[in-house]
Each structure stands twice: as C-alpha cells, then as structure tokens.
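To keep things clear, I will list the structure first and then write my remarks on it.
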Amino acid sequence: MFIPLHDANTLKHIKVQWVTLALITLNVAIWLLTSLESEQASQATTVALGYIPAIAFGHAVLAQGLEIVPEPLTYLTYAFVHTGFWHLASNMIFLWVFGDNVEDAMGHLRFLVFYIACAAAGALCHGLLGTTSEAPLVGASGAISGVIAAYVILHPRVRVWVLVFFRVPLPLPAFVPLLLWIGQQFLMLAITPDGDVSWGAHVGGILAGALLILVLRRSDVPLFDREIVTPRAVRNETGSGPAVAAGTDGRTAPRLPWGRGRQ
C-alpha cells in the first residue's frame, strides 16, 4: 500500500541507532550468503532456519541433517531469512525509517529485547493459527510489525514521507499511513488467514509491539508525543525566559519562519 521514505524525527537520547544498523546489516549479510547458495541448499536453509508450526507443536519431525539450530531458536532465526530481494528490502526500509526512533525511546539493549520478542510473538501467533502447517515461515515482518506499532504509539503526529501506491510521494502524519497499514493486517487476517502472506505473524508482532512499548520505553519518554520534532540544528534550546535579540531594547525577538519545527 505504501513505502516509507523519511521521517522528520531526530534522535533525542542516543547518538547512533547501533542495534537498528546491526539488525539491518545481519539481515542483508544472511540474504547475501543464502543467495549465493544453490537452489537446493537455499531451500534447505529456509527449512532449517524457518519457523515450522507442525514441528514446533510436535506434529512433525525435521528431516535428519536439517537440524542446524534447536527448534526453539527458530522462533528467532526465521526473522533473519528472506526469500528474495524485495522481501528483504521492504522489511529493511521500514526498519530503517522507524527503528531508530523506537530504539531511541528504549535504549539499545531494551530495543534488542523488544525486537526479538516481537519476532517470537509473530511466529507464535502464526503457529497458533495453523499448528499442523509444514510450510516454513521466514522474514522479519513480525518484528517489523512490532516496530511500526510502537512508533505510531510514540510519535503519531510526526510527519512521514511515504510513497503511496509505489508512485506518489506524500508527507503525512505518521498515524495516517501506519494505522491504515495496521488495520489492513487485521482485515487480511480475517479475510485470507491461509494466504501466502502470514498475516498472523504481522498481527502477533503488532500486538507484542503495542504492549511492550508501554513497559520498555524510557521513563521520561511520553506516549502519543505531541512535541514538534525538529532537526538539532534549528531546535530551540530550553531556557528560563524568552529569547532576546542582541541590540534591542528588551523586546522578544520575532520567530523566524525557518525556526519552526516540522512534524
């Protein structure tokens, strides 16, 4: 429905979004490695690292030689395997645009815990909706869905540039495209629960993200932040009184149009 391009939302608590960058790097590295494999080897990797409900719930056993990691770890490993470039790119674009501010609101370690928990919740929800399914679930969508839910709860009014219908770039308040996207996931789950896309994983990630942001955010980070976020270079510093321009008789300096923040 849309692709996020940029948000006017600077970091307030951290200097660099190290965990977000590390997650993107790891996802890209794993995709590059699997893309160099033969088709047969790539399929084996997908089965070995993907989350398979029938195996997780004891209805099937993984073929000998494919047990690369213990089964419980597939609740996490599936989120780092992608089946194609666009599958990877779409997830990483969302993580790049929205992940840094969620990481900023939590801190590095808690954001990593948050990301892992959302991925696991996505897998669990997917599995509960079809415990006998033998199709492997792969992709970071469950974790990314949690990031999106957290972002819209933190910064609903921040202006986000999005590419609507993959053609038209528009600046919109974050809650407009993100709530539409979240609503679409629930609608599609109700309409096509057994489709090629795991809407259940998306919904599981959304629910986990919405709950976890309430407890994992920093104590001084508000929900539904109404602050106008501006670049650091033009953000007004907080002072004890109104700013006074040099050379005036004490009258408050007029606010310049380029000093206004944009959401």
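Positions of Cβ are set from backbone N, Cα and C atoms, glycine also.
In TrEMBL, annotation is done automatically, which means it is predicted and not curated.
Residues annotated as domain 'Peptidase S54 rhomboid' in TrEMBL: 73-218. The DSSP breakdown of the domain 'Peptidase S54 rhomboid' (73-218) into helical (H, G, I), extended (E, B) and coil residues amounts to 100 helix, 13 strand, 33 coil.
Here TrEMBL flags 237-263 as region 'Disordered'.
According to TrEMBL, the feature transmembrane segment maps to 16-36 (among others). When Cβ-Cβ distances below 8 Å are used as the criterion, the transmembrane segment (16-36) is approached by residues 42, 45-46, 80-82, 85, 88, 91-92, 95-96, 99-100, 103-104, 108, 111-112, 115, 140 of the same chain, each at least six residues removed from its ends.
The transmembrane segment annotation in TrEMBL covers 48-69 (among others). Counting only same-chain residues 6+ beyond the ends of the transmembrane segment (48-69), those with a CB under 8 A from a CB of the stretch are 75, 77-78, 80-81, 123, 126-127, 130-138.
Annotation comment: TrEMBL describes 75-99 (among others) as transmembrane segment.
What TrEMBL records for 111-129 (among others) is transmembrane segment.
Annotation source TrEMBL lists transmembrane segment at 135-154 (among others).
The annotation transmembrane segment is assigned in TrEMBL to 161-182 (among others). Within the chain, the transmembrane segment (161-182) has long-range Cβ neighbours (under 8 A, six or more residues past its boundaries) at 1-7, 148-149, 151-152, 155, 206, 263.
The transmembrane segment annotation in TrEMBL covers 197-216 (among others).
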Same chain, outside the transmembrane segment (135-154) by at least 6, Cβ under 8 Å from its Cβ: which residues?
-> 27, 46-47, 49-53, 78-83, 87, 91-92, 94-95, 98-99, 101-102, 105, 114-119, 121-123, 125-127, 174-175, 178-179, 181-182, 185, 198, 201-210, 212-213, 217, 221, 223-225
